[in-house]
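What follows is a single structure, written as structure tokens, with notes after it.
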């Protein structure tokens with residue numbers, strides 16, 4: 001009997017030691033994985049809170065958290081015939097920093113003295129509660145996780161109507177996990193600049209696809225050749241067929257250059273840096289060129305990546321032989337050097353630039369932008385399609401789209417949108433005027449409609465459809481915004497264009 005009691009006690013102590021070692025091993029695996037992918041601050045924080053550091057414990061040879069998860073997924077798929085779902089997307093508003101709830105299984109794992117501990121003084125109750133919350137529930141089996149999966153199943157028919165491309169795009173932004181910062185050694189200044197530039201990485205879905213852009217077929221084809229297709233078929237783009245490293249989009253304002261950049265961010269699945277002049281220009285001496293250097297270091301670290309420089313002429317204007325400011329000259333030189341480094345090292349970093357004044361760009365910058373594409377004003381067919389999108393049949397009343405498009409010869413895409421908005425505002429102004437002035441006839445008309453529909457819902461009161469007269473009146477007050485003639489861009493294209 002005594003031997004049995006002793007063996008049971010030793011067995012219980014060994015089991016408790018295994019549980020303790022398992023908890024420690026999980027923390028060590030997490031620490032090593034975070035350190036390997038560059039999350040140094042997170043690794044340090046966990047070490048401080050858990051009092052377990054990589055200087056005390058480290059993973060064994062040929063052991064890695066990523067490898068363990070991968071092998072478990074393969075085992076689960078082989079055993080149950082389906083892919084395991086380890087995480088779920090949280091839809092309700094929850095506080096991620098709150099402690100987990102104590103389940104019944106947690107209470108079972110407490111020692112026999114837990115009841116006595118709960119009866120101690122109130123000044124130590126909070127500490128004991130935190131310790132109990134930190135106890136890992138080791139009795140939850142994988143079968144319980146399987147039973148919980150119906151709670152996260154998608155309901156409705158809209159999810160099944162998405163195309164494969166839409167699902168891939170949405171998944172890219174949903175599961176987006178950035179690596180940690182690159183290793184800048186002990187240079188704290190570069191780490192701070194990297195954290196500053198990291199805010200310009202697009203992490204939300206712009207939700208703009210190439211098919212949503214009317215016209216601009218040459219620009220869309222070239223951008224796909226430069227970014228999208230090389231990622232799908234990398235074995236084709238080697239040697240002389242290596243993808244383009246730099247593309248310049250130029251043309252009048254409002255023609256869709258920024259929309260093309262949004263389409264690249266949405267569909268191409270690269271780390272997208274949305275850079276403006278304020279991101280890389282600093283008043284402090286020497287900091288602008290450091291920002292340029294750190295920007296390209298981040299782009300290499302997060303490759304494949306795309307750097308979008310909007311309004312490039314504000315950064316890379318022509319150098320005028322000593323007339324430029326010293327800081328501006330150094331920044332331009334650093335940018336040119338970094339671009340040369342991209343082309344020599346064959347890194348998967350793509351530069352996309354946009355400018356309304358391409359003739360003001362430095363000639364050395366033009367040489368590094370291999371493709372220079374004119375984004376022209378929309379043609380008659382494109383203008384008609386835009387008007388149909390902005391003012392569809394249900395929103396308008398028998399509009400002559402072809403006639404309207406012929407009258408918008410020098411209008412850009414943004415000008416056409418503004419014109420349609422102004423035309424749509426005219427019926428709304430009439431409705432608001434009737435409401436404010438208390439027009440009796442309008443009130444009688446509204447009362448009849450309410451009696452007919454047997455509803456008093458104010459949402460049913462809508463402005464009249466847009467008419468041809470509204471369009472003509474809007475044309476009198478809305479003029480094209482671009483003051484530069486199209487012939488100027490066409491002439492520059494003939495001299496410097498590369499499609």
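Cβ atoms are placed via backbone N, Cα and C, with glycine included.
TrEMBL has this to say about the protein:
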type	residues	note
DOMAIN	243-379	domain 'AAA+ ATPase'
BINDING	251, 252, 253, 254, 255, 256, 257, 258	ATP binding site
REGION	437-478	region 'Disordered'
COMPBIAS	466-478	compositional bias 'Polar residues'
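Overlay of TrEMBL annotations on the structure.
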{"residue": "251", "record": "ATP binding site", "contacts (Cβ under 8 Å, 6+ apart)": "257, 356, 374, 375, 376, 377, 489"}
{"residue": "253", "record": "ATP binding site", "contacts (Cβ under 8 Å, 6+ apart)": "356, 412, 414, 481, 482"}
{"residue": "254", "record": "ATP binding site", "contacts (Cβ under 8 Å, 6+ apart)": "412, 413, 414, 415, 481, 482"}
{"residue": "255", "record": "ATP binding site", "contacts (Cβ under 8 Å, 6+ apart)": "216, 375, 376, 377, 378, 412, 413"}
{"residue": "256", "record": "ATP binding site", "contacts (Cβ under 8 Å, 6+ apart)": "213, 215, 216, 375, 413"}
{"residue": "258", "record": "ATP binding site", "contacts (Cβ under 8 Å, 6+ apart)": "310, 354"}
DSSP state at residue 257 (ATP binding site), helix/strand/coil = helix
Around residue 257 (ATP binding site), how many other CB atoms lie within 10 A of its CB?
-> 25
If you average the pLDDT over the domain 'AAA+ ATPase' (243-379), what number do you get?
-> 83
Give the number of CB atoms, excluding that of residue 252 (ATP binding site) itself, located within 10 Å of its CB.
-> 25
